[in-house]
Amino acid sequence: MEYTHQYSWIIPFIPFPVPMLIGVGLLLFPTATKKIRRIWAFPSILLLTIVMFFSLDLSIHQIQNSSIFQYVWSWTINNDISLEFGYLIDSLTSIMSILITTVGILVLIYSDNYMSHDQGYLRFFAYMTLFNISMLGLVTSSNLIQIYFFWELIGMCSYLLIGFWFTRPIAANACQKAFVTNRVGDFGLLLGILGIYWITGSLEFRDLFQIINNLISKNEMNLFFVTLFALLLFCGSVAKSAQFPLHVWLPDAMEGPTPISALIHAATMVAAGIFLVARLLPLFVLLPQIMNTIAFIGLITVILGATLAIAQKDIKKNLAYSTMSQLGYMMLALGMGSYRGALFHLITHAYSKALLFLGSGSIIHSMEALVGYSPAKSQNMVFMGGLTKHVPITKFFFLVGTLSLCGIPPFACFWSKDEILNDSRLYSPIVAIIACSAAALTAFYMFRIYLLVFEGYLNVHFLNFNGKKNSSFYSISLWGKKQVKLKIKNENFLLVLLKIKKNEITSFFIRKRYLHRVNQNIKNISRLFFGIMDFGMKKTACLYPNESNNTMQFSMLVLVLFTLFVGAIGISFSQGIDLDILSKLLIPFIDLLHKDSKNFVNYYEFFTNATFSLILTFWGIFIASFFYKSVYSYLKNLNLLNLFEKNFIKKKFSDHFQNIIYNWSYNHGYIDVFYEISFISSIRRLVKFNSFFDKKRIDGITNGIGITSFFLGEAIKNVGGGRISSYILLYILDILIFILIYINFVFIRY
């Protein structure tokens, strides 16, 4: 065991030869390196697999011994300054190492085929491997300086991958947005690190926790400064894990390739913020104000991410807001003191979300044959629908990820999310209500994605399609035309994707009303959550999506197995609550909510809470099915729907309310607009003023002196007439004038 720990420092550096050799090869032998580019996937996966087995061995020893191993090298510069570097192996390191390597390996396998036709294939694998190296270095760091170094390296890799297709202006802007937003959090993190060093004189985790604990217990320090610096440390996690209000970069980060979206959202960048809070939790628990702040930020992020996800058209942005909401659950759990619940959900969510992103990549990959390689079309759920018969395997994989994220047993996220919801009831009733509401919204927006993508018909082909029966109507206006508003008097019940005329619009949530003719039962309908417009084309080629190949399906299959069984690590199969694998791995861990509870599981309470959670989940699924499922395919008599709508729905109020929700969600809560008005526009005006002042004033003075000197020289250059005697005479006169001035000055002074 000691031998294994002594060489743990090598974990982050095992995959390092891959990006180094790719870089050298592209620099010295670019043609030959590009010819054998597909070979580089093998060493990337192989070396990361070695790290995975190393991490598994450490985890097994951790479960058996519950030990903490730290090794530090000290470099003394002088008597006052010394730099210490080392590695820390504990339960948190073991969990994160396994998570990073398993997800990283599967994403690399998937990427080998997904990126095979991309010119930046080698660059992509170099960035991805360096990304994994950075995250492994972060989780094995023993002090805050190392944390900050790898923290910035993670950020750099994420910016490179978000802007991977940098020739696209949208991708370049998304990269810039991620960089600027994270700079705010990273600056706060740096100030917090410097402040903690000023207070404690140490940056080693174990030392600074003990020092601060002693200082607080003896009342020998100002709590204001400790709280301030702890809050600054937390700012780094707020930006990196896309917590409110620094979450705005996350949806735009979807401009990168889909495999990197899976890695960022599952095991690397956004997980880094959760890891940092978990690592610093022994410090934060000493400061109740900080714990309450963490819980508050997490709670806002939970509900904000859920509400912003319900009206997005882009499948990846939908999943991005889903990630934001789930990260809010983890942050909320950490703020409540539920260390185990937060890490449990981090594990289960990572595999489920990786599965969903790889599934969405498979869907996008199949849609590109129909709509081209524009992300605005291939990722747009408006063009999808009816993919069940075209990509059935992908549908099954995506459904498993959807069920897991919704919290349906026996899938992984059910166990972890249910634990957080139970802990929220112990923490505060208000927090519990909001957290449970977000759980219902999660089921709604996830099944919204599933139904829009896989149910119904393939929308891209339906410019003017009618079903065989009048009661089965399906026609859609898809792209590029302006909206035409029509005034109507009667308002009837809404069905998804009904027949519309050219240049008219329908969508997936009631917002505006347009006239439609469908039978005599429904004369006009209202608009649902996002608009679908016309291509302006008369004909479409009858192409259909194809299933992904075996390489991509293999990665998704393994993630399905993880999604099915990884939840078992947190299930107690005996009566003791500390006898499950996760609890053994996390010993010792912080639990502020169950200090006085008995060490036995109350199964009645568990089933009661689980039943309540499932009721909320199924309610969200029902609402999603009500709005988005092709109900017209199953109902022969629409009079019943019209009767229900006429008698029970107050249409005016309903339309107004749904319009508010639509605008809020589709416009990202107006937060980007607020930042644009309050910060960005002001900064731009300041920059323009500085540019004007620099060019017209500073440069103007300098250039004016130069131009004046030039013209003065031109004016007097002919005074001497070109004769040496004239130059000598002028020179003598200048000397005499200088002597006279000097003598005058001396006499006046004395």
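Using N, Cα and C of the backbone, Cβ positions are placed for all residues, glycine too.
Now, the feature entries from Swiss-Prot:
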TRANSMEM  9-29  transmembrane segment
TRANSMEM  39-59  transmembrane segment
TRANSMEM  125-145  transmembrane segment
TRANSMEM  185-205  transmembrane segment
TRANSMEM  290-310  transmembrane segment
TRANSMEM  327-347  transmembrane segment
TRANSMEM  354-374  transmembrane segment
TRANSMEM  396-416  transmembrane segment
TRANSMEM  427-447  transmembrane segment
TRANSMEM  554-574  transmembrane segment
TRANSMEM  606-626  transmembrane segment
TRANSMEM  728-748  transmembrane segment
Please determine whether the transmembrane segment (554-574) and the transmembrane segment (396-416) are in contact (criterion: at least three Cβ-Cβ distances under 8 Å, sequence separation 6 or more).
yes
Distal contacts, the transmembrane segment (290-310) - CB-CB under 8 A, six or more residues away:
227, 230-231, 234, 238, 242-244, 247, 277, 284, 318, 321-337, 427, 431, 434-435, 437-438, 441-442, 444-445, 448, 529, 592, 661, 664-665, 668-669
Annotated stretches the transmembrane segment (327-347) and the transmembrane segment (728-748) touching (3 or more Cβ pairs under 8 Å):
no
Paired segments the transmembrane segment (606-626) and the transmembrane segment (185-205) in contact, 3+ CB pairs under 8 A:
no
How about long-range neighbours of the transmembrane segment (354-374): same chain, 6 or more residues beyond its ends, C-beta under 8 Å?
103, 106-107, 110, 114, 258-259, 261-263, 265-267, 315-316, 319, 322, 380, 383-384, 387, 390-391, 394, 397-398, 400-402, 404-405, 453, 460, 543-548, 552-553, 555-556, 559-560, 562-563
Can at least 3 Cβ pairs under 8 A be found between the transmembrane segment (185-205) and the transmembrane segment (728-748), with each pair 6 or more apart in sequence?
no
State the residues, same chain only, that lie 6 or more residues beyond the ends of the transmembrane segment (9-29) and have a CB under 8 A from a CB inside it; answer 'none' if no residue qualifies.
40, 43-44, 47-48, 50-51, 54-55, 71, 86-87, 97, 122-123, 125-127, 129-130, 132-134, 136-137, 140, 150
